[in-house]
Amino acid sequence: MSGFSSEERAAPFTLEYRVFLKNEKGQYISPFHDVPIYADKDVFHMVVEVPRWSNAKMEIATKDPLNPIKQDVKKGKLRYVANLFPYKGYIWNYGAIPQTWEDPGHSDKHTGCCGDNDPIDVCEIGSKVCARGEIIRVKVLGILAMIDEGETDWKVIAINVDDPDAANYKDISDVERLKPGYLEATVDWFRRYKVPDGKPENEFAFNAEFKNKDFAVDIIKSTHDYWKALVTKKTDGKGISCMNTTVSESPFKCDPDAAKAIVDALPPPCESACSLPTDVDKWFHQQKN
């Protein structure tokens, strides 16, 4: 068990919905800043934002105090990822590695593009469909360099260490061997997922080639260094909330009572979710180039 738990506020699929994280003492913490990057030697923590097969685009709210998970909004509307045939929603458990940050003020030496201003993204390829707000331990296997509207947006490929088959996966080549077609589908998904919304296809560095585990770990470590600079105020976060309860060298550290006051001011937990819009289940068919 991770020792972490989550608490929902307001109803899912509403503008007010939030998922807050708690530590083993039941105190509110930030999933961005307070969950350690490492769970063990060579094992990373992952914050699950979007369970596999679901469509609601949930993400860590980097600019909100305590950085709860909330549904992304564009032009006042809640965002849902389209079902681009033959896919249904997200094709992995999707989330982020805590205590990382892709610095928008730093041009990546591999891509020539600056970071996307978020924690580094993870696609978890195990068999279990995880829960929104769940903290899992993952083994990193490789990484894909996506370029999203001119920004570097790394996609880490990882597997839950508790997956029954985790021991069989040591590097990205094992994914190619044991899950044939999955990496190709991953590139295809990321390339085209914004097309139904009228956006162009995304691009990739390295001709959309996945880099191996060692390369991926180096990238993650670099984003951890950028996060350290952010949370210790050596870098200007320009609106990012660095409020945390555990980072001793951070000027943004607060006590548990201050964190609790943030959550207590919000709508209470809600027993019933709002229903998903009916068009969320629609198929989109696109002629591939």
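Don't overthink the numbers, they just go from 1 along the chain as shown.
Placement of Cβ uses the backbone N, Cα and C atoms for every residue, glycine included.
Bear in mind that the values here come from a model prediction, so they are computed numbers and not experimental data.
Going through D103, D108, D153 against Swiss-Prot, the one listed in the Mg(2+) 1 site together with D116, D121 turns out to be D153. Neighbour counts of Cβ atoms within 10 Å were compared across the modified residues K57, K228; the minimum falls on K228. With S2 (N-acetylserine) as the anchor, the candidate recorded positions are K57, D116, D121, D153, and the one with the nearest CA is D121. Excluding the listed site residues D116, D121, D153, the same chain places E102, G115, D118, I120, M146, D148, E151, T152, W154, K155 with Cβ atoms within 8 Å of the centre of the Mg(2+) 1 site Cβ atoms. Of the recorded residues, D116 (Mg(2+) 1 binding site) and K228 (N6-acetyllysine) place their C-alpha atoms 17 Å from one another.
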